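Database features, via Swiss-Prot:
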BINDING   13, 49, 83  [4Fe-4S] cluster 1 binding site
BINDING   144, 148, 151  [4Fe-4S] cluster 2 binding site
DOMAIN    4-120  domain 'MTTase N-terminal'
DOMAIN    130-359  domain 'Radical SAM core'
DOMAIN    362-429  domain 'TRAM'
């Protein structure tokens, strides 16, 4: 039987990336090869994102481009997997008969069979990395039990399912053998890890067990404010290789909007949580995400959010305009804020955050920081501090002088200048 040469395009979030890496490891074990150029492949496989409208449009555009290559005879097979396929399989099957198969988020064995590979249980922990070799993600759970009204993830990914701790430790050990030095923990909701399996949250225990391994940085992403286990913050202080960093998407602060979003938390409770976290670990840096233009959001409610951000002074912040997603519960509400107004509010909020970020970064000037080198361009090393997650946060641009520096190395850097989203300086020592 002919073994396919596959071009895999993985779109969307880091959770999707992990799914693609699992698929690749399974397929390669069956003799499938992968290429980075679509024109050299005989099969195209697209792992889609369907979370917001822009992501859907990108996924559809890539699907149509793949269909065109099939029509031209460049490739013989096109398969679609992931979130968009989970939501719109019936519609896409009718509109795109050229596609050889559609597979949802929980159909890896069937997808492998379609491309001439076999799923093997013993390879579940194995992944072929799509990230730089020194960085990886550990997906500690699937699905989501929250009922945020703006979100379709529970419909796409199903109920919350923690991965067994021993399995995660085996997977982490394999990543360590591959040379991964920074491990980023992800899930739709990392806060309640383990509750479904062990009857109690086990996130701190997992972090400590991972900390006993040889990763230099372990980072926690996608924590949910309700039910967040504060003992995790203590672990950050106690364990040198658990980053003093927390990604805690809040979405909003106004109580009426939080109720309409079904977030399960109030503004007062949110402020208390943030104050408690910072008091327990003064060195922590907080990242959050805000959603503007939610149905019914008034100018006064948006101004309240702006004041909240100015008061809380988040170290890292992303902001998105509300997307009226037909598969989300909030689709039943009237989308009252015009698209132009949503974008104006997003820009206004990010302008405020830029000012805050610039002032926060000035505190690093004159200091020496440990950084991880992600990239080398000439005599400039592009790096991150422990306070910066891959892809979404600040970067450091550092001169190397006479020092020989490679990607994936930890170094000491003297910071001389800063801006809102960058630090500039010089590498003073290579720490290996």
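The backbone N, Cα and C atoms fix where each Cβ goes, glycine too.
Overlay of Swiss-Prot feature records on the structure.
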{"residue": "13", "record": "[4Fe-4S] cluster 1 binding site", "DSSP (3 states)": "coil"}
{"residue": "49", "record": "[4Fe-4S] cluster 1 binding site", "DSSP (3 states)": "coil"}
{"residue": "83", "record": "[4Fe-4S] cluster 1 binding site", "DSSP (3 states)": "helix"}
{"residue": "144", "record": "[4Fe-4S] cluster 2 binding site", "DSSP (3 states)": "coil"}
{"residue": "151", "record": "[4Fe-4S] cluster 2 binding site", "DSSP (3 states)": "coil"}
Inter-residue C-alpha distance, residue 13 ([4Fe-4S] cluster 1 binding site) and residue 148 ([4Fe-4S] cluster 2 binding site) (nearest angstrom): 18
Cα-Cα distance linking residue 83 ([4Fe-4S] cluster 1 binding site) and residue 151 ([4Fe-4S] cluster 2 binding site), given in Å to the nearest integer: 13
Packing count at residue 148 ([4Fe-4S] cluster 2 binding site) (other Cβ atoms within 10 Å of its Cβ): 21
Cβ atoms near residue 151 ([4Fe-4S] cluster 2 binding site) (within 10 Å, other residues, all chains): 23
Rounded Cα separation (Å) that holds between residue 49 ([4Fe-4S] cluster 1 binding site) and residue 144 ([4Fe-4S] cluster 2 binding site): 16
Residue with minimal Cβ packing [other Cβ atoms within 10 Å] among the binding-site residues 83, 144: 144
Sparsest-packed of the listed binding-site residues (13, 49) - C-beta count within 10 angstroms: 13
Cα-Cα distance linking residue 83 ([4Fe-4S] cluster 1 binding site) and residue 144 ([4Fe-4S] cluster 2 binding site), given in Å to the nearest integer: 14
Sorted by sequence, non-13, 49, 83 residues with Cβ within 8 Å of centre, [4Fe-4S] cluster 1: 11, 12, 15, 16, 48, 50, 51, 55, 82, 84
